[in-house]
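J.: Per Swiss-Prot, the feature region 'Disordered' maps to 1-51. The compositional bias 'Basic and acidic residues' annotation in Swiss-Prot covers 30-43. Residues or ranges marked as NADP(+) binding site by Swiss-Prot: 108-109, Gln115, Asp137, Asn210, 240-241, Gln266, 295-300, Lys306, Arg316, Gly375, Ser377, Gln381, 384-385. The active site, proton donor/acceptor annotation in Swiss-Prot covers Tyr142 and is backed by similarity to another entry.
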Amino acid sequence: MLAARTGAAGSQIAEESSKLRKQAAFSGGSKDRSPKKASENVKDSSLSPSGQSQVRARQLALLREVEMNWYLKLCELSSEHTTAYTTGMPHRNLGKSGLRVSCLGLGTWVTFGGQISDEVAERLMTIAYESGVNLFDTAEVYAAGKAEVILGSIIKKKGWRRSSLVITTKLYWGGKAETERGLSRKHIIEGLKGSLQRLQLEYVDVVFANRPDSNTPMEEIVRAMTHVINQGMAMYWGTSRWSAMEIMEAYSVARQFNMIPPVCEQAEYHLFQREKVEVQLPELYHKIGVGAMTWSPLACGIISGKYGNGVPESSRASLKCYQWLKERIVSEEGRKQQNKLKDLSPIAERLGCTLPQLAVAWCLRNEGVSSVLLGSSTPEQLIENLGAIQVLPKMTSHVVNEIDNILRNKPYSKKDYRS
C-alpha cells in the first residue's frame, strides 16, 4: 500500500535512499581496488575505532535525513509544502520563544467594528490568510469588544485550523466599572474569559497587558498572567507600551518567584518613531529574550501619502475621535514629515514600489522585529502593504543609509557612543 502511494516521485526517492544505504554499507565493509579508492581506504583504516564509528554515524545520519525527507514529501509535509514556502511569507520567532509568526500580521484597531463593514473585514482576513499571514491581533477595547466578535466569527465561518493561527488580544480597558479595567488579577482573569467568549476560542496564543498599571503590584500582574497560561487560556503573555524598566521588572519578578515572564512587547514603530524599537528593545532581547511586535508602520496613515494636500473626508484623521491625528498632520512637525516623505519618493520609484511598501519594508529590515502589524481599511490597501515582502530583499545597507540621511532621526545606542 505504501509503495502504491509513493508514485513515480516516491519511487525515485526510494531508489536514492537505497543507493545511499548501499554506499554506506560498501564504504563500511568492502574494498575498492582502484588506486584512488585504495588510498582512501588506507586513510580510513588509519582512523582509530572511535574515528571510524564517527564516520559511520555521519553516514547513518545522512541516510536518516534522506529517508525523512522522502517521507515528508510523501505526506506533503516537506519544506516545499509549507505555507511560508508556497506563499513567500517569511516567518520569525516571537522573541526568543519557539512561536513562529508571519513577519506581517493583521491588526483590527479602528477598522473592525468601526471603520469597515463585516464583509470587508472578512475579505481582508481572507486575503491576509491566503497570503501566508498567520498573526491576527485585537483587543478587548477595540470597538468595545466588537472587533473580537467579528474576528472570532470570521475564523469560525472560514473553518481555518486553529493550530495554523496565532491570535493575540490585549487587556486593560474592559468596561466602565473600576473592576473592569486595569491589570488586577480579577480583571486579567475575567477580562480574558470575556475575550475568549467573544472570539469563540478556547485560548489565545498571546495575551498582552495593553498598558502598564501603576495601581497594581507587578507581582500580582505576573502571577495572574502565569495563572491564565497554566489554565490553558493563553500560550504566552506580553506587554504593550511598557517601558524597558517595567518589562525588566516583570522579568525579574517572574524569575524570583518561578513564574512565566513576558515574551514580547508591542510598540509603535515607523520612519518617524524609532528609539524604543532600535535602542531599548534590542537590549532586552539579548538580556531576557523579549521580542518586538510593532504597530502603525504607516504612522496612522501619515506615511501613506494621503495627507500630502490636507485631510481627506474619508480618512481616519477626519473622524471625531481622531482630532489628535489631524492636529499632528497640520502641525509644523507634520509639514516637515510630509516634506521628508516627498524626498523619499524617488527611492521608492527606483526600487519599483510605493511609499507605503517602502515604509513597511523599512520596518521589516530590522531583524529585531518579530512581526509588523498592518491596519488596512480596504482590500487594495492590504494587498499593497503585503507587497512589502517583495521589497524587503532590496533594502540594502546603501538604501537604508539613503533613508537615514533624509530622515536624520537615527537614534544612537550605548554601543554607538562607545564606538
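Backbone N, Cα and C define each Cβ position, glycine as well.
Explain the structural surroundings of these features, please.
T.: When secondary structure is read from DSSP and collapsed to three states, Thr108 (NADP(+) binding site) falls in the coil class.
Here the Cβ of Tyr142 (active site, proton donor/acceptor) has 24 other Cβ atoms within 10 Å, regardless of which shown protein chain they belong to.
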J.: Taking DSSP three-state, what's Asp137 (NADP(+) binding site) in: helix, strand or coil?
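T.: For Asp137 (NADP(+) binding site) - judged by DSSP and reduced to three states - the answer is strand.
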J.: Distance between Ala299 (NADP(+) binding site) and Tyr142 (active site, proton donor/acceptor) at the Cα atoms, whole Å?
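T.: Cα to Cα, Ala299 (NADP(+) binding site) and Tyr142 (active site, proton donor/acceptor) are separated by 18 Å.
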J.: For Arg241 (NADP(+) binding site), what is the tally of other C-beta atoms lying within 10 angstroms of its C-beta?
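T.: Summing over all protein chains shown, Arg241 (NADP(+) binding site) has 18 other Cβ atoms within 10 Å.
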J.: With an 8 Å cut-off on Cβ-Cβ distance and a minimum sequence separation of at least 6, pull the same-chain contacts of Thr108 (NADP(+) binding site), or say none.
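T.: In sequence order, Ala121, Phe136, Asp137, Thr138, Ala139, Tyr142, Ala147, Ile150, Leu151, Gly375 meet the Cβ cut-off.
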J.: Judged by the number of other CB atoms within 10 angstroms, which among Asp137, Ser296, Ala299, Gln381 is the least packed of the binding-site residues?
T.: Gln381
